[in-house]
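Taken verbatim from TrEMBL:
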- Arg20: site 'Transition state stabilizer' (SITE)
- Tyr25: active site, proton acceptor (ACT_SITE)
- Asn76, Asp89, Ile103, Thr104, Arg113: substrate binding site (BINDING)
- His102: active site, proton donor (ACT_SITE)
Amino acid sequence: MTPPLIAVLNGPNLNLLGIREPAKYGTATLDDVESLCAEVAEELGLAIDFRQTNGEGELITWVQECRGRAAGIIINPAGYTTTSIGLLDALIAVELPVIEVHITNIHRREEFRHNSYVSKAATGVVAGLGVQGYALALRAMAQLIAPAEAEDLP
Ligand code: DHK
């Protein structure tokens with residue numbers, strides 16, 4: 001059986017992980033995060049499509065493309081979390097389980113980071129646990145999609 005595909009999508013400035021404000025975001029690079037996700041996905045029997053973009057439109061297109069292709073979406077929308085109704089609408093439109101990840105605890109930070117549009121489409125949110133939040137999100141996603149997968153068993 002082909003492993004279920006989970007899209008792991010990353011928004012603006014996450015390409016700078018490791019260099020960008022390491023006291024807040026840590027020293028792991030985006031490549032390190034991808035390796036972590038690949039390792040955990042393999043353990044869970046999932047396939048991942050791990051991507052990053054600085055463009056809002058591209059992120060929305062990637063979300064749209066998940067329909068009929070992916071079993072779930074893990075997304076760190078970064079700066080688009082609190083600004084993009086277009087991203088929210090795309091996440092609602094695809095009708096897939098969505099887990100929102102933030103490396104930092106956005107609720108302990110500036111007020112403008114608190115109001116996540118993406119949360120209105122998210123099944124769950126992981127925030128403040130560093131890049132391990134991606135691994136936790138994958139584990140939670142495996143549980144979320146398990147009943148649907150089990151129905152396919154003989
Ligand atoms: C990443 C960003 O780039 C910020 O815009 C968010 C998020 C927080 C994170 O913690 O991963 O406010």
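Numbering starts at 1 and runs along the chain as it is shown here.
In case you wondered, yes, glycine gets a Cβ from its N, Cα and C as well.
Where the annotation comes from TrEMBL, it is an automatic prediction and has not been curated.
Sequence features, as recorded in TrEMBL, placed on the structure.
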| residue | record | CB count, 10 Å |
| --- | --- | --- |
| Arg20 | site 'Transition state stabilizer' | 12 |
| Tyr25 | active site, proton acceptor | 18 |
| Asn76 | substrate binding site | 26 |
| Asp89 | substrate binding site | 15 |
| His102 | active site, proton donor | 21 |
| Ile103 | substrate binding site | 23 |
| Thr104 | substrate binding site | 17 |
| Arg113 | substrate binding site | 17 |
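In this entry, Asn76, Asp89, Ile103, Thr104, Arg113 make up the residues listed for substrate, with the farthest two CA atoms of the set 24 Å from each other.
With respect to ligand 1, the recorded positions Arg20, Asn76, His102, Ile103, Thr104, Arg113 contribute Asn76, His102, Ile103, Thr104, Arg113 as residues with a C-beta closer than 6 angstroms to one of its atoms, given in sequence order.
For the pair Arg113 (substrate binding site) and His102 (active site, proton donor), the Cα-Cα distance reads 11 Å. For the pair Ile103 (substrate binding site) and Tyr25 (active site, proton acceptor), the Cα-Cα distance reads 6 Å. Annotated pair His102 (active site, proton donor) and Asn76 (substrate binding site), C-alpha to C-alpha distance, rounded: 6 Å.
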